[in-house]
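S.K.: Below is the structure I would like to discuss, written out as structure tokens.
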Amino acid sequence: HTGVVLAVAFSPSGKQVASAGEDKTVRLWDVQTGANLFILTGHTGQIHSISYSPDGHAVVSVGFGYDGMIRFFDTQTGQPGKVWKSQSGGMKSVAYSPGGLEIAVGHYDGELQLYNTTASKPTRNWKAHDERVEAVSFSPNGQWVATCSWDNTVKVWNAATGSVLSVFTGHDQWVTQVAFSPNGLQLASCSTDKTIRLWDVSSLGTGMDMESGSDQLRSVLFSPDGRVLFCGSKSGAVRQFDAGSGEPGLAIVCRDNHVKCLAVSPDGLRIASVGTDNRVVTVWDIAAAQADVVLSGHTQQVTTMAFSADSHWIATGSKDKTVQLWDARSGILDRVLEGHTQTVACLAFSPNSHEILSGSRDGTIRAWDLGSHESRVVVDVGGDIELWAISTSPNALRVASKDRFSRAVKLWDTESRRHQQSLESHFFIVKCIAFSSCGKWLAVGSTCSVQLWNFVADTSPEGGGEEWKCSASILDIFGDVDGIAWKTDILEFSIGCENGYLQVWRLVETSASSDAWSVQLVWSAGNPVLVASDAVFADADALRVLLIVVLRYVWHKE
């Protein structure tokens with residue numbers, strides 16, 4: 001070369017090296033002998049980036065500045081191949097996809113373009129950075145493209161859709177190079193800030209690319225065995241996801257739009273939904289994805305429903321102030337339970353299915369004995385307070401409730417009917433509550449946040465009894481939380497949000513001696529930007545980054 005060398009690349013076989021630079025040429029070299037095999041010409045400006053095709057038969061180079069040309073060369077003969085003119089001017093970086101069918105080109109103006117290698121025009125392009133795209137790299141599976149820039153950031157993109165999956169903001173100066181590890185589990189970046197950073201991306205994008213990403217989620221719950229997650233959406237679809245991986249499964253398309261309420265039978269065979277015709281409940285056969293029976297009896301909107309533990313009964317509550325009990329298999333109405341003076345907002349069966357608990361906007365929680373048909377008031381909050389949500393502990397001895405505009409959750413003893421404790425530390429109005437299957441945890445969801453409260457027995461000499469304390473918080477990374485559901489026999493819970501976000505989190509005990517807890521994001525779906533994946537956070541308040549991903553930073557060397 002007669003000028004500064006600006007780019008080098010090994011061939012996939014390791015037998016050749018390509019170099020390019022200020023002298024406007026690409027040179028191919030024999031690695032063993034050091035002989036210059038070919039001098040490839042044609043560019044009229046500097047060449048800042050080159051890339052070999054996966055089979056090693058071609059090399060592509062991009063012209064910087066006014067050159068604006070993309071040139072292909074045969075590495076066996078040195079003959080020029082296709083020549084394309086970029087419509088966006090000077091280019092700074094180029095990379096072949098692992099399959100060799102595409103190239104990614106980063107531009108001086110911050111644009112990223114993806115070309116099919118058989119076409120001369122970009123198939124996809126988008127504004128990737130505020131400054132020039134210094135380097136591009138495909139993940140080994142070809143699903144993602146990583147870019148870095150003079151704007152001090154590294155970004156990972158969905159190669160098929162062009163949506164951003166994550167933004168890394170650790171560098172404080174220009175980021176000059178980025179590369180995936182061969183197994184695709186890590187991403188390396190280097191910068192003029194004199195640091196190399198290695199990022200764990202082993203779970204990046206799990207369950208992300210779904211058509212329901214912009215669909216509002218209205219309800220969420222686990223199957224009894226914890227393997228499937230069901231979500232009801234505003235579009236009218238009931239979607240299934242593998243609870244371990246987040247992979248989408250079969251979708252049940254309801255005859256009415258807007259699935260507002262959802263319940264799954266404990267035997268896992270049926271799911272009940274309430275749609276636009278909100279006085280009617282449809283019971284679906286999950287395996288067949290077909291409607292089994294239709295429950296039509298309420299005169300106003302159905303607001304809540306629940307299956308009995310033996311899956312034999314469905315209880316429904318409505319704005320018509322009644323609770324109705326149905327045979328889940330035949331769809332026959334068994335009885336109508338009357339006593340509330342306002343809308344029935346929430347329902348729960350006792351673990352033995354002998355009672356139904358109903359919470360109403362009349363400020364009471366009633367327990368209905370299914371044998372005697374009698375009811376008793378378990379909780380009366382008094383005054384004009386409207387109850388909007390309840391959750392029953394597995395042993396039915398404790399009920400959590402929230403009223404319409406409250407920022408607190410109240411705990412009640414169902415035997416003594418006494419108020420036990422108020423959990424008051426939420427910044428926003430509480431929207432949903434859910435006990436874990438062990439009864440020792442309570443998840444409380446509100447606008448953009450979830451709090452995890454833990455039952456702690458008071459072992460002090462005074463014997464003050466029980467106490468609930470907030471052991472973990474997840475803040476500012478959701479839309480409005482519409483539903484929370486716990487897995488059975490494991491400390492994992494799902495969160496469904498109005499904006500279509502769906503996340504599964506796990507509680508992790510970080511120190512048994514101090515009873516310290518952390519939260520771990522298992523998988524996430526529907527997000528335009530991944531917040532975190534498979535990373536443990538001792539202080540989830542540190543996740544106060546709106547629509548920006550903070551992944552585990554595993555290595556940093558000055």
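Just so you know, glycine gets a Cβ as well, placed from its N, Cα and C.
According to TrEMBL, the record shows the following:
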type   : residues : note
REPEAT : 1-39     : repeat 'WD'
REPEAT : 126-167  : repeat 'WD'
REPEAT : 168-203  : repeat 'WD'
REPEAT : 295-336  : repeat 'WD'
REPEAT : 337-378  : repeat 'WD'
S.K.: So what's the mean pLDDT when you look at the repeat 'WD' (295-336)?
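M.R.: The answer is 91, the mean pLDDT of the model over that range.
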S.K.: Would you list the DSSP helix, strand and coil counts for the residues of the repeat 'WD' (295-336)?
M.R.: 0 helix, 24 strand, 18 coil
S.K.: Kindly report the helix/strand/coil residue split of the repeat 'WD' (126-167) according to DSSP, in that order.
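M.R.: Counting residues by DSSP class gives 0 helix, 23 strand, 19 coil.
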S.K.: Would you kindly list the residues that approach the repeat 'WD' (295-336) from elsewhere in its chain, counting only those six or more residues past its ends and only Cβ-Cβ distances under 8 Å?
M.R.: 261, 263-267, 269-270, 272, 274, 278-283, 342-349, 351-353, 356, 358, 360, 368, 370, 373
S.K.: Going by DSSP, how much of the repeat 'WD' (1-39) is helix, how much is strand and how much is coil, in residues?
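M.R.: Helix/strand/coil tally for the repeat 'WD' (1-39): 0 helix, 21 strand, 18 coil.
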